[in-house]
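Colleague: According to TrEMBL:
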| type | residues | note |
| --- | --- | --- |
| DOMAIN | 28-263 | domain 'NADP-dependent oxidoreductase' |
| ACT_SITE | TYR51 | active site, proton donor |
| SITE | LYS80 | site 'Lowers pKa of active site Tyr' |
| BINDING | HIS113 | substrate binding site |
Amino acid sequence: MGVKYIQLNNGIEMPEVGYGVFRVEEGEALEDAVVTAIRSGYRSIDTAAIYGNESSVGNGIRKAIEQGIVTREELFITSKLWNEHSSYDETITAYEQTLERMGLNYLDLYLIHWPGQDKYLEPWKALEHLYKEGRVKSIGVSNFQVYHLESLLQKAEVTPVINQIEFHPKLTQEEVREYCRTHNIQVEAWSPLMNAELLNNEQILELAEKHGKSPAQIILRWDLQHGVITIPKSMTPSRISENISLYDFSLPEDEMKQLNGLNENLRSGPDPDEFNF
């Protein structure tokens, strides 16, 4: 079964499982991994300017298209604005540079990567301009807390389609997810496997054995049943394929609650409240 899609608040549909490339170096190995992911059924690829690998992601996309695996229109490509670009003009330039590095004419989704020192209002106006001109299909944010979203929505003409946040059984972010739900902003999970730290959790291992699945599949299925888009990362072909094979089983309510109970508000990445740069 192919990946299911979620309709965003602007009517565009986004795959609910994507391929993430955080902390993956530029190079042919990444290009090949992108091709493998697309061949395995992924249609959503997530990168960022700060990852330093947009060129390799773009090369992998082109290889997959040239090999006839997929068309550009079938793909959903995301990148993110880094915080050093805090003005309107800098934001426009940064977007154009991302397109140039990736060899693309447009992105399906462009995100403000971090709220930073509350310097997101001017960049958001630039993203709105790009969106209204049709140069980007959708715009959103990442790592925004409730108060960041409240501040943004007071001034925004376009509501973000996505808030991409750290989300996994050790960090369930219920307040942010509820705010996004009530304001029709789709939540997307980065670091869904907590940088692989959760793969040896005893309760998750027990559920994996019970269902005949990998620990990663249990966690990613938990994401989907919470209505959260997820973007796992792997460079191993078998795991790339495994991480998208999530539709032949489901977790009953008691197991969902069991995984919810692992929450410790524990982050593997920076805290948006403290990571002001």
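Using N, Cα and C of the backbone, Cβ positions are placed for all residues, glycine too.
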Colleague: Inside 10 Å of the Cβ of TYR51 (active site, proton donor), count up the other Cβ atoms and send me the figure.
Modeller: 22
Colleague: At 10 angstroms around each C-beta, which of the recorded positions LYS80, HIS113 has the fewest other C-beta atoms nearby?
Modeller: HIS113
Colleague: From the Cα of LYS80 (site 'Lowers pKa of active site Tyr') across to the Cα of HIS113 (substrate binding site), what is the distance in angstrom?
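Modeller: Checking the Cα atoms of HIS113 (substrate binding site) and LYS80 (site 'Lowers pKa of active site Tyr') gives a distance of 5 Å.
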Colleague: Compute the average pLDDT of the predicted model within the domain 'NADP-dependent oxidoreductase' (28-263).
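Modeller: Overall, the domain 'NADP-dependent oxidoreductase' (28-263) comes to a mean pLDDT of 97.
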Colleague: In whole Å, how far is the residue listed as 'active site, proton donor' from LYS80 (site 'Lowers pKa of active site Tyr') when you measure between their Cα atoms?
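Modeller: Each residue's Cα considered, LYS80 (site 'Lowers pKa of active site Tyr') and the residue listed as 'active site, proton donor' end up 9 Å apart.
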